[in-house]
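Working notes, beginning with the structure itself.
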Protein chains: 2
Amino acid sequence: MEIYKNIQEMKSYLKEMRKEGKKIGFVPTMGYLHEGHLSLIRRAAVENDLVVVSIFVNPRQFGPGEDFERYPRNIEQDIRLSQEAGANVLFIPGINEMYPEGFNTYVEVKQLTETLCGKSRPGHFLGVTTVVNKLFHIVNPDRAYFGQKDAQQVIVIQRMVKDLNMDVEVVVCPIVREADGLAMSSRNVYLNSEERGQAIVLFHALNMAKERIEQGERDAMRLKKQIEMMIQQQPLANIDYVSIVDGENLEEVKEINHKVLIALAVKFGTTRLIDNMIVEV
Amino acid sequence: MEIYKNIQEMKSYLKEMRKEGKKIGFVPTMGYLHEGHLSLIRRAAVENDLVVVSIFVNPRQFGPGEDFERYPRNIEQDIRLSQEAGANVLFIPGINEMYPEGFNTYVEVKQLTETLCGKSRPGHFLGVTTVVNKLFHIVNPDRAYFGQKDAQQVIVIQRMVKDLNMDVEVVVCPIVREADGLAMSSRNVYLNSEERGQAIVLFHALNMAKERIEQGERDAMRLKKQIEMMIQQQPLANIDYVSIVDGENLEEVKEINHKVLIALAVKFGTTRLIDNMIVEV
């Protein structure tokens, strides 16, 4: 497996690969890979000739007081796991390589970023779109793979790609869950056993909501209340938001009469977890 | 000459050209082409296999109350002139093609855009960087040509390209002037004969400043005052700004001891003209 830390060298290598006619699949990550990431890499390996995985804990998508410093890292394990999953190239740039002195350009998607996680984490999506824009220019992939777990991120990046006429197909892959249903996340490692036990309520609440809709529930406000009540029965759960929004424009819905996204963010102790489910009516 | 109005068709055509190994030169314009634009097209024709010229009066780089509506247009003449200068492809998208419903993504360069024209025209450079970013993705050129006349624009676009790791060489071409020294501009057509006569003071003032520096003047504030006094002797001149700044970071200098940019914006009647000169010490 090839490993690059330098942007210019990464670009030159991939330019050669493209000249040889290779289709490039790209999986941008912040490392500490879990089965969710690996599912993206495996799919990219099936659909492309060459799979590039980036590992970069992007400081600019963490707000002040967030967990940038303690975000889990294990580069040796990441190298092994990504290779086993089918990655051919790792791109692991340093912070100064990505944001050299004088750096001053930002890519911003408005509106879609002002709700859900964007509301709780101001500046988060500005960091995401800026770094993904840079990575897309560095890797220049035919396809880029993202997990549905970060539902808002997916919609924001699709918007950026469309609006800026970028030449990359954004492929969205299903949420991968632990055996008991907790959505895989690098942050799950923060949870102590009590928090871990209670965190499963998120998946249960989403399933309950889906069933209610299938049974005919159309009142978003009432359903939202039910989700919140179920989560609040876990004493360590601290709700950031529970939202039922339009699956395309992320605007809050009153009546559930088309494809909706049920999205939530809940803190257990100091650990903020997100999860979501798309329900088609 | 090929003419495209549709983004997808423009992309497909240029993709084919690149496959054939053609190097692409790109000249983005707002049309109403003059000798300044044509000098860019001619140079692009020398340095590349295929020259693409875009003509798009970008509403998003005009502020409220600015001259978007009355900005001069003459598409037939532009087609003829650009072809004569060596353009092979014209890209002339409509506003809805560039900014369809739901468009919500912006590319912003900070700091460098907060001074000079950025101060007088809030939002102007946000419009410029966003549209140039889009055009770069649509055309995907090897080289893009800009005029030194828009000195701040050049520096801002170079910053964007570098920061976002875009694969395009930005080529800056000298200011083209009328016989008497007035910098070519599509907006010169707005000037009545009295304004046109007085506008030549801008070039004279820049030359005077350059001579003073060559004679040993190092005090930026004093020199700035002299430029302003010279311009103000023209009764129709209304100074927006006169600035002596660092040629790289656009920060105001006190002592002229390295490469400086003398930049100015002056209104004659309702017409705002800009001009500049780089002076190396």
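Placement of Cβ uses the backbone N, Cα and C atoms for every residue, glycine included.
Those TrEMBL annotations? Automatic predictions, nothing curated.
Lifted from TrEMBL, the feature list:
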type     : residues                                : note
ACT_SITE : A:His37                                 : active site, proton donor
BINDING  : A:30-37, A:147-150, A:Val176, A:184-187 : ATP binding site
BINDING  : A:Gln61                                 : beta-alanine binding site
BINDING  : A:Gln61, A:Gln153                       : (R)-pantoate binding site
COILED   : A:206-233                               : coiled coil
**Prompt:** Near A:His37 (active site, proton donor), how many other Cβ atoms are within 10 Å of its Cβ?
**Reply:** 28
**Request:** Specify the count of other C-beta atoms within 10 Å of the C-beta of A:Ser186 (ATP binding site).
**Result:** 19
**Asked** Averaged over the coiled coil (A:206-233), what pLDDT does the prediction give?
**Response** 98
**Request:** Would you kindly give the Cα-Cα distance separating A:Met30 (ATP binding site) and A:Gln153 ((R)-pantoate binding site), rounded to the nearest Å?
**Result:** 14
**Request:** Could you round the CA separation between A:Gln61 (beta-alanine binding site) and A:Met30 (ATP binding site) to a whole angstrom and send it over?
**Result:** 11
**Message:** Using a 10 Å radius around each Cβ and all protein chains in view, which of these binding-site residues has the most neighbours: A:Met30, A:Leu33, A:Val176?
**Reply:** A:Leu33
**Asked** What three-state secondary structure does DSSP assign to A:Val176 (ATP binding site)?
**Response** coil
**Asked** Hey, which of the binding-site residues A:Gly36, A:Gln61, A:Gln148, A:Gln153 is the loneliest by Cβ count within 10 Å?
**Response** A:Gln148
